[in-house]
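Per Swiss-Prot, compositional bias 'Basic and acidic residues' is recorded for 150-162, 486-504. Taken from Swiss-Prot, the feature SUMO2 cross-link applies to K171, K246, K438, supported by similarity to another entry. Feature annotation from Swiss-Prot assigns region 'Disordered' to 140-164, 205-231, 483-529. Residues annotated as zinc finger in Swiss-Prot, with sequence analysis given as evidence: 254-276, 282-304, 310-332, 338-360, 366-388, 394-416, 464-486.
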Amino acid sequence: MDHQDKAATVAMASRPQATQLQEPVTFRDVAVDFTQEEWGQLDPTQRTLYRDVMLETFGHLLSVGPDLPKPAVISQLEQGAELWVADRGGTGACHPGWILEPEDHTLLKDQGLPKMEPSPITEKDGFAKAVPCRSMIGIDQESDGQRQALKKDQSNLNDPKEIPLQSQSHKSLGLVEACVLGLNTYLLPDISGREYGCTYDSQVKNSEHNPSLVRQRTDSPATQSFDDNGSQKAFDQIMPITELTKSQVQDKPYKCTDCGKSFNHNAHLTVHKRIHTGERPYMCKECGKAFSQNSSLVQHERIHTGDKPYKCDECGKSFCHSTHLTVHRRIHTGEKPYECQDCGRAFNQNSSLGRHKRTHTGEKPYTCSVCGKSFSRTTCLFLHLRTHTEERPYECNHCGKGFRHSSSLAQHQRKHAGEKPYECRQRLIFEQAPALIKYEWTEPLGCDSPLSQGERTQRSDRPFKCNQCGKCFTQSSHLIRHQLTHSREEEPLRGRSRRQEQPCRRGSRLIQNTNSNSRELPVAQPKAGQASRTLALFDLREIMQEQNPVHVIGVEEPSVGNSMLFDTRESR
């Protein structure tokens, strides 16, 4: 009988067993037990690895069956307590995938197999930590030839070899012949990229096995190889689990019925569905804020505890979230990966780019529910809502006065501190910027001392100059308002025609009609409740329209570099 016939015989013999393995998997089937002596031989790193794997295994079982009760060992591991499992009859199991019954021990004793001895976790060839274990073989008691082959193979058990985790079990044999701290790859197709290996050494002929000895899913016989004697070849190399489970990772059988997104695990799908349902089962005990994931709650609790584990190496600033540190580092590196396609401006955050795009589109998605006014940012909407609610959250510590904005509070506190940060060209100091602007509108720019080079540069930025006092302005409209102050100071001249032209820089000028019948404009009197300094272009238009000889055709708002022209015509 050649190798292909033998492989076919093995496949046919294992088919009934494959049907039998469709039983519900319990935590006992995948748990790993250590005696007190064995637990004491593990170092802290190995115990931490054991804890992580056991908790992750139980989590995957919960994703399959949510009603699975929580074992006591899981509760102890979650609390971080030290534990050890009592010896179960003197035979320690190095793999949780199978449990030996009393009749199994008798069978092993009759077959002359050595007892299972756990070995410490080791590293080999740079791969992840693996758990060596002795292979347990199911024997056909009716075959004497296979008994002799078994005795021959027992001599090889003293020198175990490393095999890939994919060959966990073999249907042609009777028992699982690999172990990874209780890790079953058919239950855990993805374990966060960690790689495990296990020891294996067995060269035994095909035999029918005792079904009571196996409680583990088996691999396909097509993936197994046989030597000339029909026995399975020993594997002498370790392969990463990431390679072996690549097809399993790409397979996403769990699909969301709402949006069609697929996932590898049912637990991931359960968390994703909370986005559609709005369910937030994890609530903060401090502030009552709820979250859909436990990890989000843990990150939020750092706000209350003040824990900031992520520290910047450049400036030493700490953050409670790793994403905040990543964004902060772009300040030092100058990285701006988010670029606007309309103007080419770059930003270091995607949210900043989103806000910037609204300046091009004019979108204002945030609308006030009271008055209907829209805003492009949520912060602007929140500040606007305070005008309706009369909320003043910023209160002065000295006088108790409240303000809607923090900037208004800071401006108010300068009165108590006597701080005057605004300084004019004549070295006069003001508490607030509006007071400085008012002074510049009414007072000339002249200085007793010679101007410095910096002041000359600043003056050159004010091209509009008043001919009466020499004061300069940045905008022509400011010059017009300033000239009204001079007109109120002078006594109006009536019955006298004159031609007046006030040249300004950059071609700005005021042209009045030179007709002999034209008369001087009267003094503009401010209206009730209106400050004299607030007279603007529309006030000037009203004054000119009241006079019969002069009719205003139009007043154009000036801009820097353009002429300002008042077209006047004599009324007939």
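Backbone N, Cα and C atoms are what each Cβ position is placed from, and that goes for glycine too.
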Seminar exercise, completed: Of the listed stretches 282-304, 310-332, 394-416, 464-486, the one with the highest count of C-beta pairs below 8 angstroms to the zinc finger (338-360) is 310-332
Problem set entry | Outside the zinc finger (366-388), six or more residues from its ends: residues with CB under 8 Å to it | 355, 358-359, 404-405
Problem set entry | Beyond the flanks of the zinc finger (310-332) by 6 or more, those residues with Cβ under 8 Å of it | 299, 302-303, 348-349
Seminar exercise, completed: Under 8 Å Cβ-Cβ from the zinc finger (282-304), and at least six residues away from its ends along the same chain, one finds 271, 274-275, 320-321
